[in-house]
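Notes follow the structure.
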């Protein structure tokens with residue numbers, strides 16, 4: 001059974017790699033940008049292998065943290081390929097909103113892998129703090145220079161729309177804010193640098209420069225003090241810079257995956273909904289919901305309740321016109337106010353039961369007797385009196401002739417055990433009727449029936 005499961009897993013992996021190779025071949029044949037992206041990816045792979053070899057020869061944690069940054073660059077290249085693949089895909093029944101969700105997942109996964117690599121670096125730093133290895137400064141500066149050049153080539157030579165949108169839409173990181181303050185002070189004295197340093201630098205480029213500076217400082221401190229604690233300190237500093245840079249972008253992608261409303265559009269959406277609610281014929285806007293399915297792709301749904309004499313098509317056109325510039329993928333459902341029919345209960349009624357002791361009466365008189373009989377019979381029942389005539393006694397209200405009235409099918413006789421203000425009581429039973437004296441009319445009555 002274990003061999004069978006391993007064989008199935010191996011076949012699935014082989015099928016995935018084969019399909020990935022086919023898609024890459026198609027992209028390379030039809031897109032010129034794919035060739036550049038694959039070339040930069042090959043350069044990154046060679047650089048990662050070179051820095052890994054240097055890390056085995058010289059066990060420096062700062063060099064290991066810089067190698068993790070180049071591994072993130074490989075994921076950056078993968079996200080660029082995913083963006084090219086999404087551009088070629090069309091909407092279908094399975095993906096009605098398109099394939100833009102794959103870009104969000106790819107960016108979020110690459111950012112979380114970078115943060116996860118930081119935790120591995122921190123764990124290794126804690127272990128080496130108790131058992132410090134012998135670290136030499138040879139090759140660290142050269143490795144940092146090679147890695148920085150390759151990192152900047154990957155960031156600036158590859159067109160990555162997904163990461164460009166995340167960088168522009170997410171909040172500034174701690175490193176970006178401090179570098180922006182320094183850049184503003186510098187551009188105040190040298191105005192020519194404003195085009196290069198303002199409004200804010202690319203956070204990925206700042207991350208590469210800061211990691212390379214940590215590697216250079218580690219090399220200088222190791223050459224001066226011959227202590228491995230300097231290498232561990234610089235590695236922790238490089239890991240901290242990675243976390244503060246990746247965290248805002250990961251939070252932005254996480255909000256998109258949670259289908260939340262963009263914060264910068266909340267005020268504009270409230271204003272547009274308020275204008276749509278004042279249109280002629282609109283009574284209520286219900287269940288308004290907006291969310292991002294991809295980078296820059298906003299969708300929403302809305303229910304509009306209109307008057308019964310309003311035109312649904314006209315209201316739909318006006319509401320869509322007010323909200324289409326903010327929510328391109330808007331779905332509007334218009335329904336008329338039909339409360340008059342919706343509030344009427346559908347009750348089922350039973351036919352009146354035939355009573356042989358009831359006197360014959362006209363239809364109009366019968367309807368009048370049904371309307372008046374409950375009150376009079378109920379009062380006589382509570383007073384304990386009875387009528388001397390059989391016809392009057394037959395109209396008394398009891399559980400036997402309750403269906404004679406036009407009552408709903410779900411009607412139940414009242415419970416004698418009732419509660420008012422915490423006090424329970426029971427109505428007394430009615431006294432037995434007195435014996436009826438024999439009369440000619442009664443004998444005649446029984447002879448007729």
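Even glycines carry a Cβ here, placed using N, Cα and C.
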Given ranges 121-139, 140-158, 159-177, the stretch to which TrEMBL attaches the annotation transmembrane segment: 140-158
Same-chain residues at least 6 beyond the ends of the transmembrane segment (232-252) whose Cβ lies under 8 Å from its Cβ atoms: 60-62, 64-66, 68-69, 107-108, 111-112, 114-115, 117-118, 121-122, 125, 128-129, 132, 166-167, 169-176, 203-204, 206-207, 210-211, 214-215, 217-218, 221
In contact by Cβ distance (the transmembrane segment (98-120), the transmembrane segment (140-158); 3 or more pairs under 8 Å): no
